[in-house]
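If you check Swiss-Prot, you get these features:
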- 11-78: domain 'SAM' (DOMAIN)
- Ser86: phosphoserine (MOD_RES)
- Ser89: phosphoserine (MOD_RES)
- 121-179: region 'Disordered' (REGION)
- Ser129: phosphoserine (MOD_RES)
- 130-143: compositional bias 'Polar residues' (COMPBIAS)
- 154-174: compositional bias 'Low complexity' (COMPBIAS)
- 275-448: region 'Focal adhesion-targeting (FAT)' (REGION)
- 297-330: region 'Disordered' (REGION)
- 299-325: compositional bias 'Low complexity' (COMPBIAS)
- Ser322: phosphoserine (MOD_RES)
- 409-434: region 'Disordered' (REGION)
- 415-426: compositional bias 'Basic and acidic residues' (COMPBIAS)
- 492-553: region 'Disordered' (REGION)
- 500-512: compositional bias 'Polar residues' (COMPBIAS)
- 514-526: compositional bias 'Basic and acidic residues' (COMPBIAS)
- 527-536: compositional bias 'Polar residues' (COMPBIAS)
- 615-637: region 'Polybasic cluster (PBR)' (REGION)
- 642-848: domain 'Rho-GAP' (DOMAIN)
- Arg678: site 'Arginine finger' (SITE)
- 878-1085: domain 'START' (DOMAIN)
Amino acid sequence: MCRDEPDTMILTQIEAKEACDWLRVTGFPQYAQLYEDLLFPVDIALVKREHDFLDRDAIEALCRRLNTLNKCAVMKLEISPHRKRSEDSDEDEPCAISGKWTFQRDSKRWSRLEEFDVFFPKQDPIPGSPDNSRLQSATSHESMLTDLSEHQEVASVRSLSSTSSSVPTHAAHSGDATTPRTNSVISVCSSGHFVGNDDSFSSLPSPKELSSFSFSMKGHHEKNTKSKTRSLLKRMESLKLKGSHHSKHKAPSKLGLIISAPILQEGMDEAKLKQLNCVEISALNGNHINVPMVRKRSVSNSTQTSSSSSQSETSSAVSTPSPVTRTRSLSTCNKRVGMYLEGFDPFSQSTLNNVTEQNYKNRESYPEDTVFYIPEDHKPGTFPKALSHGSFCPSGNSSVNWRTGSFHGPGHLSLRRENSHDSPKELKRRNSSSSLSSRLSIYDNVPGSILYSSSGELADLENEDIFPELDDILYHVKGMQRIVNQWSEKFSDEGDSDSALDSVSPCPSSPKQIHLDVDHDRRTPSDLDSTGNSLNEPEEPTDIPERRDSGVGASLTRCNRHRLRWHSFQSSHRPSLNSVSLQINCQSVAQMNLLQKYSLLKLTALLEKYTPSNKHGFSWAVPKFMKRIKVPDYKDRSVFGVPLTVNVQRSGQPLPQSIQQAMRYLRNHCLDQVGLFRKSGVKSRIQALRQMNESAEDNVNYEGQSAYDVADMLKQYFRDLPEPLMTNKLSETFLQIYQYVPKDQRLQAIKAAIMLLPDENREVLQTLLYFLSDVTAAVKENQMTPTNLAVCLAPSLFHLNTLKRENSSPRVMQRKQSLGKPDQKDLNENLAATQGLAHMIAECKKLFQVPEEMSRCRNSYTEQELKPLTLEALGHLNSDQPADYRHFLQDCVDGLFKEVKEKFKGWVSYPTSEQADLSYKKVSEGPPLRLWRSTIEVPAAPEEILKRLLKEQHLWDVDLLDSKVIEILDSQTEIYQYVQNSMAPHPARDYVVLRTWRTNLPRGACALLLTSVDHDRAPVAGVRVNVLLSRYLIEPCGSGKSKLTYMCRADLRGHMPEWYSKSFGHLCAAEVVKIRDSFSNQNTESKDTRSR
């Protein structure tokens, strides 16, 4: 290129750079890689077919970027390759929205994955592609795909690279360059550059940062020489690896896929084959039913997967087998080559007959005539204290529908109680002249039901007509939900005390079931009933000292600190059974990462479509770490002016305890105050409340305070945050949504914008919106509608009067404020903020759910859930030994001592405000989670610390709600379940772990190891956490003290990778500090007792 390049050429290169960055952060990193590998232009029609699950706006946004890159490819423009990040930098888990691409971790490259569909004919080779025969026989040593899919991968890449038979226009035109270009097509993932982005969407560059872009302007000959040299090195490496793995790779047959007979495994005797009902395939040739020709293809394509590459020593931080890696590899294998179901034929008549016969047996063995009677004093929403069962004996041609609780029949009906010695009572009635049969419905939740007498026995309905009473029954049923809600809310408010779950019994030595209740709206077990009280509180008072709420002071890790228990708020906003899995706080870290990328794609498509061309720039996506800004020190502050992230690092919750107590006080006692949040409080009293929050280290008592003072103090808290609740980067985006996006599109736009918020901001927003929705529910008393609340709170939440623009100087802002007259832009923003907050209050239940479009997304979103494995699955992780979970535990112990022997080599120190050492280590396998390690010195012997960890968790875990041993496996291994509280109204966190401990270790050390496990006897008591790795190592260090080392890698659900990098390590450090303080306070109390 000549030096006097036109300005249009430079702008085009900038657009290409921004397009590649956008593709990476929105879930299309494979196209950015193809452009950097000089494999553009791509076929836009093929891209549309590949992403046909996306809507039209998202496809248009994607195609705009790809067309830009196609134009740059035609103009022979290049951009600097994506720079590989250092090992210490934060980076997202690589993921693509399309399920037809896979990321190879060994080479850190993307390769196309063409799924082989057995029900459709094989696609013909792409016409016009050069060297097609040679490409068919070529193999790629770096690909994890089977030989069957390699041909499809190469063909698809050729179709993406060019639609004609010639070499792409931006490649070298000489004959010598043909071989390197072909080699780059054969091995799609040949480069070692890592395709990733920063730990959030904010890595998009600003157009003004022209100095950070580098353009390739070298001569034609120099580019050819460099390309040939690079390709020669890759070709040599490819040939060397092909020679070592020649026996494992064969060219695919041109005659199609040939499926052999099942191969008998070693150790499979005749008895085992008989037990598995294995038969010869030849015997089934004449015993099949007639199906369409397209369905006669076998769905059991058995293909051997290529051997996985060996993991490096740094890939697993503790050198233990990873359940996540094994599960992901198996699921990926099945997705690529199909699944072989041994002994199963979906089109076999015998299989259908067996299923029908088994269903018939189940129906015959089901006791259809059994009825359970509910006592009269039964309270809705709770489990009955006593149940008695009887039977229904319809006579004649009557039938009973047990699913709906109704029965039909013209004949006589007899109802009897099995435990009753009285004669059965006959229920007779005449047939209706208008129908051949009549129907009676029985409701067990209707007070004063016509089927019960005052004594509790079934009423005699022999001479009574049923139909006139149906209107009364339906009337009671319609009003039943309202009555239950009022009764439950009243009881919850009365019994919602700070010490509702303070007394937690020590962990029992024998397994017991966790006493959990079933909520009337969500039929899943919960650790709390509808009244907000624990169902497993001890009948006798325990000797555990009472813990009091303490706000957020300077010292935040004392063992007697108590969390706010706001169970009525949690139960009133508990999601229904159908929407539980759709809640954001139930998604894994990998799902959250993918969901964030899709949200950015959706938001980009909507803003580019509806906002003016000069307003939809990514001003909120400025690259991070452009310059190091000194973080202010918040040690002198406790509540007001402290960022939400600092609150999480201090206490584990984004809102201070005193602010949560203020919201609870308003919700329980002040919802009937007219003009709540609208009428102003007294400034002197508000200032006194602020000082009380800042200075109080214990409970902040709001009893007797004016509702308007507390409400004004709450508004000032959000106003004094260092940045708006919607963040500085996204506040303008929220306002643009309600200024330009049509009303019918605003809900999905605002849901996408919420997904881009930091985790702590999103959690606080959800808590606040749910709280405000409860305020509007009492609109008849307080006259505060969503719009009225939005007018009062929008300036505080969006910081409208003090919102700093990126390009606004302090002088301009000061002059703007001195004028005292808002311009039209400010008026529009205030109106948009008011409309937006009112809309979010009204639709708060829909804002924090996974979009429905994700269910249509053809990727591994459901596979990214990464549920814990069962004991049997853990035993199969080590293929070198027989299946036994004990081998897995022993590997974990060996890996722990390997780290100790190597003196924790490779760990990176991390600063923390806690009095403990904190460090982390990156793990390449599994989800994008770091392994954190925290070390502290504890004034106790190793045996005492181990006992406290095993049996006395309630003494140091302030969030503990309940704990039980589910099953004892041996003297040192058990299945343990415990539930931890979360900030209301977010659900509790449920842990089910396999834990084992060792006491006979060298030098008197002890160890405790935990890993999440799936157990059928552990009821779901909240959001099920996946603990990938948790280790406690206790080593004596003399003078009655011990060194406690805690390592943890867990997926708490509902958090982005960025949250784990910034906050989770501080929580690990705070945990060991609380364990140490539990011994320190115990020693202090014992000294005080002796002095007395």
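Quick reminder: no glycine exception, Cβ is built from N, Cα and C everywhere.
Small disclaimer: the values here were computed from a predicted structure and weren't measured.
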Listed in sequence order, residues with CB under 8 A of Arg678 (site 'Arginine finger') and six or more positions away: Met784, Asn788, Val791, Cys792
Whole-number mean of pLDDT values that fall within the domain 'Rho-GAP' (642-848): 88
Assigned element (helix, strand, coil) containing Arg678 (site 'Arginine finger'), judged by DSSP: coil
Secondary structure content, the domain 'SAM' (11-78) (per DSSP, counts of residues): 49 helix, 0 strand, 19 coil
